[in-house]
Structure formats: structure tokens, C-alpha cells
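Participant: I'd like to ask you about the structure that follows.
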């Protein structure tokens with residue numbers, strides 16, 4: 001499969017989509033991004049790298065971090081993690097509080113904000129500095145010691161995290177948050193402020209495409225069965241309340257973030273990351289979604 005030719009076709013045809021959508025502005029540091037930016041990269045388990053556009057421009061991974069935090073928490077807790085967070089699509093916005101009261105403080109899944117806060121609570125109990133553990137985990141996945149979080153973005157998020165604080169206090173009232181709220185919020189904001197580029201993020205998700213094993217290091221991150229199940233969660237819950245439409249159009253397990261990035265995997269074949277900061281109404285990259293739809297259409301490859 002000539003993935004480089006496919007990426008170049010996508011890069012050519014995506015131009016009219018750039019500049020559309022709305023850059024996330026509820027976090028002031030993210031509002032500085034340009035909706036005309038675009039990068040895309042594919043990495044295979046054999047080490048092949050295909051890229052176009054600004055594929056090595058750093059951006060804030062935001063909710064993409066939830067995938068890796070969940071993986072790290074599952075390493076530590078195993079199946080008991082699911083006693084505190086569900087595995088069902090939400091159908092509501094990623095920062096909604098609506099379902100928490102009806103469901104006794106148990107978030108629907110680990111990829112909405114409430115679920116991610118529970119996951120971060122797990123990490124805060126297990127590590128002295130959960131955000132440092134996350135950064136070290138990401139560095140290990142991509143073999144890049146320069147991966148880090150942006151303190152300006154983290155501070156900007158901390159100053160505008162009232163809704164997340166409300167969720168955290170609410171879940172704590174149900175006994176589903178064990179660490180102090182500010183400890184969890186601080187770690188969560190720093191985790192979301194990790195900066196990476198498309199090539200490294202495509203590389204970071206490859207363990208899911210490779211049965212839970214990092215191809216170049218041989219490190220087993222999680223067992224094969226949990227890797228499949230985590231991919232299933234990405235498929236059903238990874239793109240906010242637009243997961244159904246995403247699966248219909250793209251057909252790959254994916255996780256998006258309001259920084260404009262989307263990562264996806266095709267088991268046995270590749271990890272892919274696309275980045276363009278202009279977002280649709282659900283908080284997914286407008287051009288990124290279109291690019292991934294074209295990728296699976298032009299390659300004829302999806303999980304279906």
C-alpha cells in the first residue's frame with residue numbers, strides 16, 4: 001500500500017477544509033492556534049513513517065492524553081478499574097455533568113472528562129507526581145526524551161477548570177474520588193497540556209495496533225486482550241458524542257482532542273495521527289475527520 005501517495009492526495013484535497021471550524025477558545029492558550037494548520041502521519045509496526053504537512057509541529061494533545069492515562073491506570077488496576085468508570089458511550093458533551101447524578105457518580109467511560117478525572121485519581125494515588133508518570137510513559141512509548149507538557153497551557157487550563165472541579169467534587173461526594181480535588185485537577189490539566197507532534201503520536205498508539213507491544217522496544221504495555229478492548233472503547237467512545245458518525249465515516253478506533261489532534265489505529269497495520277485545530281460542534285477536528293475518512297476510503301482499509 002502506497003501510504004505516502006495517499007497522504008499526498010489527502011493533503012492536496014484537504015485545502016478547502018482548512019480554516020473552517022472553530023479553534024478551542026475556552027482555554028486561552030489553545031485559542032492562539034491557527035485553523036489553517038494541518039499535519040498527518042502514518043507509522044507502521046515495521047518502522048515505516050509516512051507524513052505530510054506540519055507533521056512534526058508540536059501541539060497540545062488535550063483529550064488524546066485520556067487514552068494513555070487509561071492505559072497506564074489499567075496497567076496498575078486491571079479489571080477493577082471498571083468498578084469506578086463505565087464502558088458505555090455517553091451521548092452527551094464531554095464536559096457534561098448531567099449523567100453523574102443519575103448514575104451515582106460513576107462516569108460513563110474514561111474518555112469523557114468525568115471519567116478521565118477518575119482515571120487521574122487512580123494515577124495520583126499510585127504516583128507521587130501523576131503528571132510526571134504520564135510524561136515518562138509517553139517518552140517511553142515513542143522513544144523521545146523531549147516529550148513534555150507546556151506549563152503555560154497547563155496554567156491556562158487550571159484557571160478555567162471550574163466545570164471539571166465541579167465534576168470532581170460531585171464524584172467525591174459519591175466516594176468515587178479519593179485524592180484531594182485540587183491534586184487531581186492539577187495533574188489532569190498538566191497531562192492534557194502534553195505537547196507532541198503527529199509522527200510521535202502515530203508512533204505512540206502503535207502498541208494498540210501490535211497486540212499491546214511497542215514494536216521497536218518489545219515492551220509489553222498491556223496484554224493482547226485488553227489492547228483489543230481498549231481499541232473497542234476508542235471505537236465507541238473516543239470521539240466525544242460524535243462516535244457513531246465517526247465510525248460510520250472512518251471505521252477505525254480513534255481518540256480526539258480539542259487541540260485538533262486525532263489518533264487512530266488499524267490493528268496489525270498502522271497508527272495514524274492527523275492534526276488541524278479547527279473543530280466541529282462536537283469538538284473534533286473538522287479537517288482531521290475528513291482526512292481520516294479519505295484515508296480509509298482511498299486505502300480500502302478499515303476494521304470492517
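Just so you know, glycine gets a Cβ as well, placed from its N, Cα and C.
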Participant: Which single residue out of 150, 164 does Swiss-Prot record at the substrate site shared with 63, 113, 157, 188, 240, 258?
Facilitator: 164
Participant: Across all the protein chains here, work out how many other Cβ atoms are within 10 Å of the Cβ of residue 188 (substrate binding site).
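Facilitator: Within a 10 Å radius of the Cβ of residue 188 (substrate binding site) lie 30 other Cβ atoms.
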